[in-house]
Amino acid sequence: MKEIHSPKFFGTLLFLLNFLVMMDYLVMVPLVMDISRTLGLAPTRTGFLLSSYPIAAALSSLLLAPFSDRLGRKKMTLFLLAGFSLASLGVALSTEVWQIFLFRILSGVFGGPVLPNSFAFAGDTFKGEDRGRIIANLSLSFSAASIFGVPMGAWIGSWLGWQGVFGMISLLSLLGLIPFLALPSVPTQAEGKILSQYRQLLGLWALKPVQLAFGLQFLMLIGLFGVVPNIAVWFSTNYGYDAGQIALCYMQGGIGAVLGNRLAGEFLKRRLRRGLISGGSLVMALFLGVACSEWVPDPPLGLFFAGMMFGGSIRVPVHQLNLSELLPIQFRGRLMSMNTIVGHLAMGLGGFWSSPLLHIEGGHLYGMQTIGLVGVGALCLVPWIALAFGRSTRHQTVY
């Protein structure tokens with residue numbers, strides 16, 4: 001197939017494929033209570049099902065990172081998307097708790113590394129404004145999945161059941177591989193044996209700016225994702241929300257994320273990066289803290305979620321752009337992958353540390369206030385780490 005080098009074609013196709021991957025991850029939130037009833041999974045343990053995906057993604061990204069640099073982004077992303085499609089089909093066909101856990105883990109194994117490979121693919125293929133625009137748009141795949149994918153999934157779930165949602169994602173992902181073959185292949189200039197590349201991957205931690213960047217990634221996510229895996233059981237138990245209402249909250253959150261992403265894009269066009277990571281984290285902390293406190297009677301949960309996502313999305317393009325400029329091209333794939341490993345680890349650990357704090361008594365879910373306090377504390381540490389990162393990189397990049 002003839003290669004197509006159009007930035008628009010490249011960016012649009014990768015965006016759509018990442019949209020499906022993000023939809024697969026996010027749509028589990030409104031559907032998980034239906035899955036709980038169908039398969040007999042305890043509601044307070046649904047957070048483990050949601051967190052199994054990012055934990056698997058973290059391990060997969062660690063194991064596969066050197067192969068991305070050696071094989072090239074195109075081959076690696078093609079392999080990952082094919083595996084992801086089959087894993088989603090397995091989720092759709094699951095009839096036992098162990099089966100859905102198995103295939104969700106496999107979905108994380110294959111789906112988790114897709115976005116960092118896409119970021120690195122864009123960074124290798126384009127330069128300047130094209131690179132920045134594609135990376136910013138790829139960052140929107142999460143927001144777009146929240147706005148359109150989650151409500152669409154909830155609607156399809158009410159029509160065909162939760163199994164139909166994952167079957168549809170599997171089919172569309174497979175179809176997307178056909179035009180993917182037309183994307184250009186770009187040499188990464190990586191050299192050396194795979195074992196030495198693993199050493200180089202772990203060796204990234206010896207660089208202070210990299211340590212601080214990874215520390216930021218961890219703190220930006222560990223508290224928030226103590227809340228996210230438990231949203232379904234929280235909203236349904238304490239506020240009587242069904243899958244459609246939870247999906248509507250995600251839509252509102254996605255709109256907030258788009259606004260935050262666009263605001264960040266305008267700052268980046270003007271070469272203004274300072275304060276976006278810190279400011280976005282503090283905005284998120286404010287909305288997260290108020291929502292989890294449950295002080296507000298009949299709270300506007302969608303508005304709170306939109307505020308959290310607005311603050312969070314301001315940070316993403318800046319963080320990814322800085323990472324893409326931090327090291328030479330031959331290390332970029334490993335850097336992006338390790339950053340994603342840290343992120344997925346934080347997301348997965350969030351569900352595992354928070355779920356044991358929950359219990360249902362008298363038809364009310366308890367424990368979210370404690371989880372919210374931990375999340376706010378983690379987010380309030382971000383400005384200190386961001387300041388240290390800015391000092392360590394001097395004029396190279398600034399958070």
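Here the Cβ of each residue, glycine as well, is placed from N, Cα and C on the backbone.
What TrEMBL records for this protein:
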- 10-395: domain 'Major facilitator superfamily (MFS) profile' (DOMAIN)
- 12-33: transmembrane segment (TRANSMEM)
- 45-65: transmembrane segment (TRANSMEM)
- 77-95: transmembrane segment (TRANSMEM)
- 101-122: transmembrane segment (TRANSMEM)
- 134-156: transmembrane segment (TRANSMEM)
- 162-183: transmembrane segment (TRANSMEM)
- 204-225: transmembrane segment (TRANSMEM)
- 245-264: transmembrane segment (TRANSMEM)
- 276-296: transmembrane segment (TRANSMEM)
- 302-323: transmembrane segment (TRANSMEM)
- 335-354: transmembrane segment (TRANSMEM)
- 366-389: transmembrane segment (TRANSMEM)
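For the transmembrane segment (276-296), the most Cβ-contacting stretch among 134-156, 204-225, 335-354, 366-389 is 366-389 (pairs under 8 Å). Comparing 77-95, 134-156, 162-183, 245-264, 335-354 for CB pairs under 8 angstroms to the transmembrane segment (12-33), the maximum falls on 134-156. Contact between the transmembrane segment (77-95) and the transmembrane segment (162-183) is present: at least three CB pairs lie under 8 Å, with pairs separated by 6 or more positions in sequence. Between the transmembrane segment (45-65) and the transmembrane segment (335-354) there are 3 or more Cβ pairs closer than 8 Å, counting only residues 6 or more apart in sequence, so the two stretches are in contact.
Counting residues 6+ beyond its ends, the transmembrane segment (335-354) has Cβ neighbours under 8 Å at 47-48, 50-58, 61-62, 64-65, 68, 108, 112-113, 115-117, 119-120, 123, 201, 204, 210, 213-214, 217-230, 320, 323-324, 326-327, 367, 371, 374 in the same chain.
In this chain, the transmembrane segment (245-264) lies close to the transmembrane segment (302-323): three or more C-beta pairs between them fall below 8 angstroms, excluding pairs fewer than 6 positions apart.
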